[in-house]
Amino acid sequence: AAAGLCPYRALLARRGGALRAFCGSVRGLAAGPETHFGFQTVTEAERREKIYRVFESVAKKYDVMNDSMTLGIHRVWKDILVHKMNPSPGTLLLDVAGGTGDIAFRFINYVRCVRERQLQQKIRHHQNLSWQEIAESYQEDKSKSLGDSQVVVCDINKEMLKVGKQKAQHLGYSEGLSWVLGNAEELPFDDDKFDVYTIAFGIRNVTRIDLALQEAYRVLKPGGRFLCLEFSQVSNSLLSRLYDLYSFQVIPVLGEVIAGDWKSYQYLVESIRRFPPQEEFKAMIEDAGFFKVDYQNLNSGIVAIHSGFKL
Amino acid sequence: KMAAAAGGLRRAGWRLWRGRAVLRCQLSPPHRTLQASAVLRRVSDEQKEPLASSSQQQFDSHPTNHQPEQEPQGSRPSYTGQGGQESEDFESEEQLQHRILTAALEFVPEHGWTAEAIAEGAKTLGLSAAAAGMFHSDGSELILHFMSQCNTKLSELLEQEQKLVQLGEAEKKPTDQFLRDAVQARLRMLIPYIEKWPQALSILLLPHNIPSSLNLLTSMIDDIWYYAGDQSTD
């Protein structure tokens, strides 16, 4: 029924003035409170749908656009996130809004390296054991290259997951990786399941951030860590002006040229401006029940990593 | 704005509750524990707990009233808050961190003074290994925690000796022997970790760790001299 109403509402939205105000009150009853989509004001239901459509259309060119918009620096940001996480083998990671799998792949690489180092150290320890003891230890030590670590990539958008799965196949990632369709505001997982919850450049697209944070708290094990990588507010005023210039003049043009989609990238830069600044977001995370909440600015605040623990 | 104010009030109320809980728990915390917590907070760049620290400072007026360093495990208030970790919330984050580090010490001979040892320690407490992310990844907090524990044990030892002398049950040792015995006792505490101790020292020499490690060293020396009879204030 909601789907049927949507195009009708969208039609009404195009008429301005008094008619809009009237329809606004009617819409309000049916579709939920008002919120923002970039710099527009829409209802929550509309926002969810619009965002779904944005990512549906950019899914195939998502990685290319990321590289061209950030001049490849987004790779460094994601590397820093995984380094900060410092996962040990056996960690269970939930990557929400992880669409094309960037964080998941980096996690797998990192854990593989740590695991190799662990195995090497074990061999060094074994140098004073007898041959028999060493052979016996091979049998108990299953020698999995990932050491039981697992990552679950969860995304609300089927297209993004599809692109992610194709990438995984292409790059040869198969072990320890799962793809789940799910909404960050209502995760299809049980309580106290994951060691780490990450959301990279996804939380500003969530309509009810507080619900997503509560869900994050719920699915994390006690002692588990919440990590969020997101665009944030730039503190330096000169840099801020250059950044604004770049965001509003260059990025939508790149979007049109590379992905053939001006509007989606217009939405993207607007949504960055609408996202709460570092301290406010930190307070929201604390409200969800996390402790030791802290943030680290990268590139003077263009991007920030927020971290919290479920204690 | 109203929502933000309400959120702020809620958080302030929450912290007040926590502060009160900490007050109730700690009857008279030893001088050393206060210093240890200050060191931990300085070493890592986490948020401060202004209310918790102010409540601790109230009890700082008894520097000579040493009590064995303990985590107030028996007297934690029971509170059914959110989630499964109610007791941890009201134990305060620092106390939980102390518990994790103490648990991590038994894994040091195997893993060294590293984040892995801290992760194993967290696991024995029933927490996820990701809790080790609360600490610096070089393992320095584990070493400093261990050192401050040793220093506390040393000052207890010295105080007990002093009591015996005051009660007349033991002879007062000449200064040089006193110092020798004190230093030897302190060094013996390293024996279980002696294999990995060089690693610990090298980590403590890293520039960002030097202030805290020097601080612990000088306070230990102060302690030894205090019990050796030196009453000067420098």
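Quick reminder: no glycine exception, Cβ is built from N, Cα and C everywhere.
As annotated by TrEMBL, compositional bias 'Polar residues' applies to B:52-80.
Residue counts for the domain 'Ubiquinone biosynthesis protein COQ9 HTH' (B:93-123) under DSSP, split into helix (H, G, I), strand (E, B) and coil, are 28 helix, 0 strand, 3 coil. Annotated domain 'Ubiquinone biosynthesis protein COQ9 HTH' per TrEMBL: B:93-123, in sequence order.
Annotated domain 'COQ9 C-terminal' per TrEMBL: B:210-234, in sequence order.
Under the heading region 'Disordered', TrEMBL lists B:34-95.
Across the domain 'COQ9 C-terminal' (B:210-234), DSSP helix (H, G, I), strand (E, B) and coil residues number 19 helix, 0 strand, 6 coil.
The average pLDDT the prediction assigns to the domain 'Ubiquinone biosynthesis protein COQ9 HTH' (B:93-123) is 92.
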